[in-house]
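Data block below; observations after.
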Amino acid sequence: MNIGIVNDLPLAVEAMRRAIARRPEHRVLWVATDGPQAVELCAAQPPDIVLMDLIMPKFDGIEATRRIMRPERPCAILIVTSCIGANAWRVFEAMGAGALDAVDTPRLGDGAAGDTTKLLLAKIDQIGRLLDAPGSSRLAGAAARGGAGPLIAIGASAGGPGALASILGNLPADFNAPIVIVQHVDRAFAEGMAQWLDGQTRLAVRVAREGDRPQPGVALLAATDDHLRITRAGTLEYTREPAATPYRPSVDVFFNSLTEHWPGRVIGVLLTGMGRDGAIGLKALRMKGYHTIAQDEATSAVYGMPKAAATLGAARAILPLGRIAGELAALARI
């Protein structure tokens, strides 16, 4: 795997070089020390993955991510920066621009068994599996009605935080439908992302806990590296199965559980993201008679998951991001 490093600190660059050198199948393709240089190198010598710092000269990692994700063939981006916790809002902004995940910068002198080195290599491996997954871009009758509004099921990956903030922020305060969100995000960031999204909307947003029931006007965010499912009893549960999937939590797993167990209406929404997770599940929802929506290409940070849904005929409506909240509000009133 060819890897680009974007970081202006020599010690951090050396620590990443040493970590990458422990895997013979990986090599450092180039090193950029600022945002503009990173954008130029991604265009001239596209790597398989970019290790992107957040705080740099000229323009930061958020803007660099945004510009790198604009071309026809964007690069996979992993945020690698110091003090992830202190920079949580920047991490979410970068993920909203298309970054896939985030991890702390490895420490120089950290051996092969060191925690920071292991975490970095594990994240690189995880993204590698995602890139190699089939369909990944390198980049019937209606269901019975429930008493409240329909359950809104949303799946997202790269670019998802920003898209979710836009949709949730444009829903009315009296929106009377439960929302469950499956966003590809490490469990370490789920709580912070829920808090960040909660500040973008008049609705309540929090992480989904084992045994929760979807509630009108509340958005629940999948919060672990396990899959989220709805049970026959109408509660949420986390499960390790299926184990053989590059996506954790998986949008498909959640969508498919709704077709099996949810007694009321469902509106399925598939947003920006790399790969094809959620496309088959969205198709199952549509075949069950539920309304399904996919984000359009023009407004997607990464047109992978919604493209797969469109190809399968899984989406009843393909909409720009700015129209999705209004569509949900209108459908919830029906």
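The backbone N, Cα and C atoms fix where each Cβ goes, glycine too.
Summarising the annotation, Swiss-Prot assigns domain 'Response regulatory' to 2-120. Here Swiss-Prot flags D53 as 4-aspartylphosphate. According to Swiss-Prot, the feature domain 'CheB-type methylesterase' maps to 134-334, an assignment based on sequence analysis. What Swiss-Prot records for S157, H184, D277 is active site.
DSSP assigns S157 (active site) to coil in the three-state reduction, placing it in neither a helix nor a strand. Neighbour counts of Cβ atoms within 10 Å were compared across the recorded positions D53, D277; the minimum falls on D53. Within the same chain, residues at least 6 positions away in sequence whose Cβ sits under 8 Å from that of S157 (active site) are L100, Q183, H184, Y247, V251, L271, T272, G273, M274, G275, D277, V302, G304, M305. Summarised by DSSP class, the composition of the domain 'Response regulatory' (2-120) is 46 helix, 25 strand, 48 coil. Within 10 Å of the C-beta of H184 (active site) there are 27 other C-beta atoms, taking all protein chains into account.
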